[in-house]
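Read through the structure below, which is laid out as structure tokens, and then see the notes.
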Amino acid sequence: MGGQQPDLLPRSEHEDLPSASGSAPASRINRDKVKCLDGLRGIACLLVFNYHFFWPWTPMIMLGYGAFPPRAPEPYWGWQSLPIICLLHRGRPMVAIFFAISGYVICRHVLRLIHERKLDAAYQRLASSVFRRVFRLYIPPTISMFLVAVLAQTGAFKSEFAIYKGPDSRYINATITHADLAEGNFCRDGTAVKGAAGIANYLGIEATAYLRNTTGYPEGNTTDWTDMLLCVNHTTRSYGPAQLYTLKSEYEAQFPKLAEDTPGMERLAALGSVDDNDNDLALSSGNVTEAAGPLNLTWVQMGGSWEEHPFIHPNLTYAMKNFTRSYAEWANPFNFGHYHPRYDPHTFTIPMELRGSMLVYIFLLGTAAIKATWRTAIGSLLSAYSLFIGRWDMAAFLGGMLLSEHDVRRSSDLPPLAPGARGRGGDVQRTTKGAAALRWAGIVLALYFLSYPDSGAEYTPGFAYLSTWVPKYYNKLSGWMFYEAMGAVLLVACIMRSPGLVRLLESRLPQYLGKISFSLYLVHGPVLHSLGFWIMPRLFDSFGKTGGYAIGWVVLLAVTFYLSDLWNKKIDSWSVTVGRRVEKMLAED
């Protein structure tokens, strides 16, 4: 193996070092930049673990600070959801960063050969990279998902019903509270409360200021309910931020009681307005015009989110048949949707990695012989076009490739700057300070874009206006893709030009995380879905939510690190060599 380092999703520069005859040795600055990206990738993967650790148990993981979704009794405050701070537990921005890093590193050797005008060597390197990329990306997740399918049959995973429908679901489900005006001075059904103050106490919130904003009056009914006696009851449902935009056809399943009470399209009006253009159910807040009839007050306190979980089948034979079907659907690189397999939903990024890699390779194949300025211009237009039409992943890959092109050109084409060429020392100092300020401004902007909420951005202060600029090709739950792809490319560009951050990312811990990152990415999901779903409800029972989170995070992260290190040594390091061996075996003499 020598000095090779397995990487997360993208293939690191360490895997395909050019031969001595194919290229001049890489400069120290180029080596350092790639090493820096290894550390960035490792930290990003650790944050993906945080994201999926909190995902089932809290709505705050997907919502921004101050988000006030439809029918919420109050905004979702919480310092952990503040922009930039929220990146400590956000996973989707990290996926965009993975793609930008991939675009940077997978083409670096080829670009260096192109700039040295060694086109024969560049084409040979491209052919080798295309052939070996499939082996690198698909072998480890294939093994991990197969093991999950087997372990699920042995009882390592709880059933999906036990998690999302059984007693433990009380830590995951949302609470939907419904209130009606009392008939007289008593309630035949539910709990009697007095006005808005009673509702706030029932919901466990401190203020009543927002309660009226999430409700409406029937046409012609102007009764001020805030001081009236109300009959209140509640139920728990699987309803998290990922379900904020519920399809009309799913309405009755989500709110069966209101569906029974209100006929036809009036059922939708009872919860809010209907947007017929995108076939979504938009639960509106404020200015609601409801159907004539009794006052209908409903508040939704969101819970955590459902996620694909391994099926447990009657026998192993049927389980393997289902695994084969699911695997074939997942492995298809021409399925341009986000397919989340039951055996590890987080591996949906692997086919996207393959498609992005092939786009970069094909682009370089077609533009290797043209001038670098034209290649950069065409690549920039293609990246911008991809971002606009909804192919954010391709935009991130191409953006990373353009950064790599720029750095290779700078290191190989430009002569060293002569002493004093830019004037007096004072001028250089001012220019350096200006460049540093610009870099940090870019980092802050990039982190803000990466903080774009997974859901409900249009209801979130600071992001509501940005949500209006998302192109029409993105649906309401995918607006994050537009901004986070831009943020990822900008962040990578700024970090690599910041000496202090480069040194930090080259330190021991980030480099270790980068070394085991692909293994960590594959291992953390099965650990959280097996051991995690077994112990987290018990920890919440014994230590409360805060104590349960703290203990659970330490225990599950320790187990994940142990298994990731083992996986890296036994599986991932071996898988790096498979493509090379097969290529050598099939190559012409």
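Using N, Cα and C of the backbone, Cβ positions are placed for all residues, glycine too.
Here TrEMBL flags 1-26 as region 'Disordered'.
Residue counts for the domain 'Acyltransferase 3' (35-158) by DSSP state, with H, G and I taken as helix and E and B as strand, are 88 helix, 2 strand, 34 coil. Under the heading domain 'Acyltransferase 3', TrEMBL lists 35-158 (among others).
Residues or ranges marked as transmembrane segment by TrEMBL: 95-115 (among others).
As annotated by TrEMBL, transmembrane segment applies to 135-157 (among others).
Annotation comment: TrEMBL describes 321-564 (among others) as domain 'Acyltransferase 3'. Each residue in the domain 'Acyltransferase 3' (321-564) has a pLDDT score, and their mean in this model is 90.
Annotated transmembrane segment per TrEMBL: 358-378 (among others), in sequence order.
The annotation transmembrane segment is assigned in TrEMBL to 436-453 (among others). Cβ atoms under 8 Å from those of the transmembrane segment (436-453) belong to residues 62-64, 67, 83-84, 86-87, 90, 93, 96-97, 460, 463, 466, 479-480, 483-484, 486-488, 490-491, 493-495, 497-498 of the same chain, restricted to positions at least 6 beyond its ends.
Residues or ranges marked as transmembrane segment by TrEMBL: 473-495 (among others).
For 516-535 (among others), the entry in TrEMBL reads transmembrane segment. Here the transmembrane segment (516-535) has long-range neighbours at 6-9, 38, 41-42, 44-46, 48-49, 52-53, 56, 140-141, 144, 147-148, 151, 156-158, 163, 168, 307, 309-310, 344-347, 552, 555-556, 559-561, 563-565, 567-568, 571-572, meaning same-chain residues at least 6 beyond its ends whose C-beta is under 8 angstroms from one of its own.
Residues or ranges marked as transmembrane segment in TrEMBL: 547-564 (among others).
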Q | Listed stretch, out of 95-115, 135-157, 473-495, 547-564, that has the most CB pairs under 8 angstroms to the transmembrane segment (358-378) | A | 95-115
Q. At an 8 Å Cβ cut-off, counting only pairs 6 or more apart in sequence, do the transmembrane segment (95-115) and the transmembrane segment (547-564) clear the bar of 3 or more pairs?
A. no
